[in-house]
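K.L.:
Take a look at what TrEMBL says about it:
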TRANSMEM  40-59  transmembrane segment
TRANSMEM  79-98  transmembrane segment
DOMAIN    96-385  domain 'FAE'
ACT_SITE  Cys240  active site
ACT_SITE  His319  active site
DOMAIN    402-482  domain 'Beta-ketoacyl-[acyl-carrier-protein] synthase III C-terminal'
ACT_SITE  His403  active site
ACT_SITE  His407  active site
ACT_SITE  His436  active site
ACT_SITE  Asn440  active site
Amino acid sequence: MGGSDPDGCGMGVRMQQRLRLPDFLHGVNLNYVKLVYHHLISHLLTMFLIPLMVVIAILTSKMNPGDVRQLWFHLQHNLVSILVCTGLTVLGCIAYIMTRPRAVYLVDHSCYRGLPQHKVRFDRFLEHSSLTGYFDESSLEFQRKILERSGLGEETYFPEAMIQIPHHPSLKAANEEAEQVVFSALDTLFLNTSVEKKDVGILIVNCSLFNPIPSFSSKIVNKYQLRGNIKSFNLAGMGCSAGVLAVNLANDLLQVHRNTYAVVVSTENITQNWYMGNKKSMLISNCLFRVGGAAILLSNKSVDQGRAKYRLLHTVRTHCGADDAAFSCVIQEEDSNGKIGVSLSKDLMEIAGGALKTNIITLGPLVLPIREQLLFFATLVARKLFNAKVKPYIPNFKLAFDHFCIHAGGRALIDELEKNLQLLPVHVEPSRMALHRFGNTSSSSIWYELGYIEAKGRMRKGNRVWQIAFGSGFKCNSAVWEALRDVKASPKNPWED
């Protein structure tokens, strides 16, 4: 989830707590060591085989013709040993091939861009809010301040039903909004990739607040006549981080189902989720959230490696729902007048910081260069074993990633991540521009940001991208991609204008 307060805070109402990245002095050391140990054990066979192969190669290079003849003589008189060694080698290779993770490729992605008549300027938004009669003067002024300091621009999009006076938040209107967004994004995706719709074996749709019957995944199956044995899923109520969660689920399914495509659709619905009361903490979403959606095509087919844009390297999911405060910090409920909205707790910032801390602790050993990890462990040893007054070394994540797609939840959220991760303005430019041009589009915002990087011509072969998003529950999810080529923006991308 994302949010703002009158002073521009990115995730919630005015709060004392500010989002902070992990304090590597407390709580990180032991967990980080355990994770590194886990990854070392997991890759023990590889770490043993690579040096062995290097030693064999060196010894082989030093052999002369006489040594070769002598080796051949010994092999001729040890046929059983040769067969046993050969058999074990073949079995080892088969076991490695069968158990190694399958590569998952991002063939392409597309994002929805609204119609010109659906653009909502600030003055139009405030006029509409006033004419509805739902809000008192204090609430209208509150929303005006949020808009002015939110980081949104004047060209974001609202659904048709919310622009009309009086507005009509009916089920029919909500369905029309969802169909326009999702079908538009999917049409572009299928057009750009030329994938036969019958070849799609997995479909995952995530939308937190709008869940009609039949489900929207069923609507997509019906619209595009997808095959009858498709594995379809509809994820609800999982907030702005559900886009990364859906990719993680698709990756797991693609490890099991061979030679197939997975389509992921991430969106949110505005029509029936506009808060019509005067509780300040529930008014924030009215001002920040805008129409948007994305469709992503993933593949585990080796033949797609040549045309795919990216390869998925890692996904890391952090769920803090076992803690009562984290579970209830973002919750849909009624206000004192029975008006439904999403309420944000005063502890939201602190909880988000804790979730981000845990996520980064898990992600670090997977992505940080060896040099960074060695420096971290060296300072850790110096502090713990020798009681040295050594300043703790905070790993530089800019050495692990070339691009950052930070959920565009609000201006201050982006400001805090830029400050605490010590990023450059160019690193957070995609997030700022996505927020400015399209607003908070919930789980799809990270795909608008990736599209921005592509449209600017900045994505080079071998570049790594970190997508990170927050969501209710409370969750913080990350995805890491590697560019397989110099990536250009696809036709009909949302940044063409």
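Easy rule for this one: first residue shown is 1, then count along the chain.
Each Cβ is built from the backbone N, Cα and C atoms, and glycine gets one as well.
What TrEMBL says about a protein is an automatic prediction, not a curated fact.
A quick note: this is a predicted structure, and the numbers were derived from the prediction, not measured.
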K.L.:
Over the span of the domain 'FAE' (96-385), how high is the average pLDDT in this prediction?
P.N.:
90
K.L.:
Between Asn440 (active site) and Cys240 (active site), what C-alpha distance do you get in Å?
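P.N.:
Asn440 (active site) and Cys240 (active site) have their Cα atoms 9 Å apart.
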K.L.:
Please work out which residue of His319, His403, His407, His436 has the most C-beta neighbours within 10 angstroms of its C-beta, and give that one of the active-site residues.
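P.N.:
That would be His407, with the highest Cβ count within 10 Å.
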K.L.:
In the domain 'Beta-ketoacyl-[acyl-carrier-protein] synthase III C-terminal' (402-482), how many residues does DSSP call helix, how many strand, and how many coil?
P.N.:
38 helix, 21 strand, 22 coil
K.L.:
Rounded to a whole angstrom, what is the C-alpha distance between His436 (active site) and His407 (active site)?
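P.N.:
With the alpha carbons as reference points, the distance is 13 Å.
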K.L.:
Calculate the distance in Å between the alpha carbons (Cα) of His319 (active site) and Cys240 (active site), and round it to a whole number.
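P.N.:
About 13 Å separate the Cα atoms of these two residues.
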K.L.:
Using all protein chains in view, find how many other C-beta atoms are within 10 Å of the C-beta of Asn440 (active site).
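P.N.:
There are 32 such Cβ atoms around Asn440 (active site).
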K.L.:
Cα-Cα separation of His403 (active site) and Cys240 (active site), in Å?
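P.N.:
Cα-Cα distance, His403 (active site) to Cys240 (active site): 20 Å.
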K.L.:
Where His407 (active site) and Cys240 (active site) are concerned, what is their Cα separation in Å, rounded?
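P.N.:
For His407 (active site) versus Cys240 (active site), the Cα atoms are 8 Å apart.
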